[in-house]
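Student: Once you've had a glance at the structure underneath, I'll fire off some questions.
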């Protein structure tokens, strides 16, 4: 009896394993995983899919009360709201406007958590969220500092006086730094996207926080657009290691390198691992 039970459990385990293996190697598995969904009037697909396989590296997409939000996985306490409906036209243009939700209201702004091991000074200047760079020439990163006392003279020489972003905080001293600065004693640093025409020049700006509430524009490359033209293919990753992976084109007949008619179907050698790396494609990533 004991042997029969053990045999039954073994056969059940084998059946489950084979079923899972068949699912993840089936030609339509990833195609189904990256099926577009909706959030209110927005279409969610790469690079803003709800499934992490169909979302740009470093990002998490969520839908709350018919509004699309993005979270930077390197700084999960900071959430961004997409300020326009994600339509097919937006995906074709590969650009969208968003805003840091902590700028809404009138309360304190959460301090940025600092540099990550994957980003340097240049990345902090030109990338605000995940791996999405600003629209070229329109925005760049600056750092506002809200200080309870004046920084050292050496630090002051690198900063300019600026309006305070918090409402009603008239006793604090506020400064602006051209780029990203990690930590200053007695100061809270807040990294924010600044329109280029106002970068470092705040004269005449009556309510800077209100200006920043208008958000900033980011863009992404067009490699996946070839795959997703006319809703033929669906773009995404073959595993959760998105930071180190490439995007592939998922089609009804399998996984392709570029588009559903390129004649190149990529086979998964082992269940749960990536196909061979592609060559000659620009990968979205941090600008170093």
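For all residues, glycine too, the Cβ spot is worked out from N, Cα and C.
Checked TrEMBL, it gives:
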- 1-21: signal peptide (SIGNAL)
- 186-254: domain 'Wall-associated receptor kinase C-terminal' (DOMAIN)
Student: State the mean pLDDT for the domain 'Wall-associated receptor kinase C-terminal' (186-254).
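Tutor: That region's mean pLDDT is 84.
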Student: Can you break down the domain 'Wall-associated receptor kinase C-terminal' (186-254) into helix, strand and coil residue counts using DSSP?
Tutor: 20 helix, 21 strand, 28 coil
